[in-house]
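Engineer: Below are the structure tokens for one structure; questions will follow.
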Amino acid sequence: MTAEKITQGTEGLNVPNEPIIPFIIGDGIGPDIWKAASRVIDAAVEKAYNGEKRIEWKEVLAGQKAFDTTGEWLPQETLDTIKEYLIAVKGPLTTPIGGGIRSLNVALRQELDLFTCLRPVRWFKGVPSPVKRPQDVDMVIFRENTEDIYAGIEFKEGTTEVKKVIDFLQNEMGATNIRFPETSGIGIKPVSKEGTERLVRAAIQYAIDNNRKSVTLVHKGNIMKFTEGSFKQWGYDLALSEFGDQVFTWQQYDEIVEKEGRDAANAAQEKAEKEGKIIIKDSIADIFLQQILTRPAEHDVVATMNLNGDYISDALAAQVGGIGIAPGANINYETGHAIFEATHGTAPKYAGLNKVNPSSVILSSVLMLEHLGWQEAADKITDSIEDTIASKVVTYDFARLMDGAEEVSTSAFADELIKNLK
């Protein structure tokens, strides 16, 4: 077998039997969790395909290790390698202190135009949870990754730049509601039609491909009408223009209510559901954050903007065990580029202690295997995690919250996962 690059074809990814996949080991606990995760991934691939498939891992540098080695936090060589090989896995990265790059994670997403942050959230039986029915949580979050207030267009209070911006807003645009202009910092919130459409398109296509029931557009369009309100409307418009015969939208529902009454609208939605159509609906963000606690089963795939998505994905993760078991991916569905990553931080006080839960980066690698079409290997890891947690052999974060648990190290947890691969 010869290791080869993954390429992007007209119908999606072309994945060889021995793909070369770059990885960033990460800072802090990164080496601990990556050593565990890579062993589990390799064992699952071997078990699933009897040696006919394997991954050749290629280390690239970012974060503290890159800075110590090259003097750069995010070397151009790393970006070029990921661009060339399309798919990568990464551990948590520290945020550089001082000027320049504000966040290495954001820089990677923007440089590679990874417009979707994919965050599936589900509960594994036995995982400690603060809610009564964590099993009702089964959502997939599509968070827009490149726009919104996280675009990084900010001007610090007191600078020449912010004074120019405020002067322009007040004197050219007639903005009178900057309450304290002399001491305000300013951030810009870009939300585009193109950015919205490619995110919502990916979310709806995912729902169709994975037999999901609905896509909820989460927004604050009631307040921010020309950014978040436009996101909602562009999302609905895209759903009908590109997926018209496969979806039923709440805007269609409202039109039927107006013309024929609510009974007719309810009947139309029930008919659409029976036909397997995806229901496209929307929710104001603050109401949505209540509903994921009070009735999470009503939501399935979620499409939302950058800031809302950040809050929602971590709030949901808390309901099913925390970010230690929350997978994540950053994907450009058009170019094929994707980075699969641990969703937690570097936890430097635990670095090198062989103590923390490696499940986030392992489950993110499950997303990668699914993305490659290697479903058999992905399922083996997921099933093993379910069985291992159910047997109460867990790392310290779960052991302290479970009766009768056996606390094990990071590496021993990986050993247990490998043992339980079926």
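Glycine is treated like the rest: Cβ placed from N, Cα and C.
Swiss-Prot feature annotations, pasted as is:
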| type | residues | note |
| --- | --- | --- |
| BINDING | Thr94, His344, Gly345, Thr346, Ala347, Pro348, Lys349, Tyr350, Asn357, Tyr396, Arg400 | NADP(+) binding site |
| BINDING | Ser103, Asn105, Arg109, Arg119, Arg143 | D-threo-isocitrate binding site |
| BINDING | Asp310 | Mg(2+) binding site |
| SITE | Tyr150 | site 'Critical for catalysis' |
| SITE | Lys220 | site 'Critical for catalysis' |
Engineer: Taking just the CA atoms, what is the gap between Asn357 (NADP(+) binding site) and Lys220 (site 'Critical for catalysis') in Å?
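Structural biologist: Distance (Cα to Cα, whole Å): 35 Å.
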Engineer: Please report the three-state DSSP label of Asn105 (D-threo-isocitrate binding site).
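Structural biologist: The three-state answer is helix.
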Engineer: Note down the number of other Cβ atoms within 10 Å of the Cβ of Arg119 (D-threo-isocitrate binding site), including every protein chain shown.
Structural biologist: 26
Engineer: With every protein chain in view, what's the tally of Cβ atoms within 10 Å of the Cβ of Tyr150 (site 'Critical for catalysis'), excluding that atom itself?
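Structural biologist: Excluding its own Cβ, Tyr150 (site 'Critical for catalysis') sees 22 Cβ atoms within 10 Å.
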Engineer: In Å, rounded, how far does the Cα of Tyr150 (site 'Critical for catalysis') sit from the Cα of Asn105 (D-threo-isocitrate binding site)?
Structural biologist: 12
Engineer: Using only the Cα atoms of Ser103, Asn105, Arg109, Arg119, Arg143, which the record gives as binding D-threo-isocitrate, return the largest interatomic distance in Å, rounded to a whole number.
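Structural biologist: Comparing all Cα pairs, the maximum is 19 Å.
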Engineer: Going by DSSP, is the residue listed as 'Mg(2+) binding site' sitting in a helix, a strand, or coil?
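Structural biologist: In three-state terms, the residue listed as 'Mg(2+) binding site' counts as helix.
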Engineer: Between the Cα atoms of Arg400 (NADP(+) binding site) and Arg119 (D-threo-isocitrate binding site), what distance do you get, rounded to the nearest Å?
Structural biologist: 26
Engineer: Taking DSSP as the reference, which of helix, strand or coil describes Lys220 (site 'Critical for catalysis')?
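Structural biologist: Where Lys220 (site 'Critical for catalysis') sits, the three-state DSSP reduction gives coil.
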Engineer: When you measure from the Cβ of Arg143 (D-threo-isocitrate binding site), how many other Cβ atoms are you left with inside 10 Å?
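Structural biologist: Counting Cβ neighbours of Arg143 (D-threo-isocitrate binding site) within 10 Å gives 28.
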Engineer: Within 10 Å of the Cβ of Ala347 (NADP(+) binding site), how many other Cβ atoms can you find? Include all protein chains, please.
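Structural biologist: Around the Cβ of Ala347 (NADP(+) binding site), 18 other Cβ atoms lie within 10 Å.
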Engineer: Please give the greatest C-alpha separation between any two of the NADP(+)-binding residues Thr94, His344, Gly345, Thr346, Ala347, Pro348, Lys349, Tyr350, Asn357, Tyr396, Arg400, in angstrom, as a whole number.
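Structural biologist: Site span for NADP(+), by Cα atoms: 27 Å.
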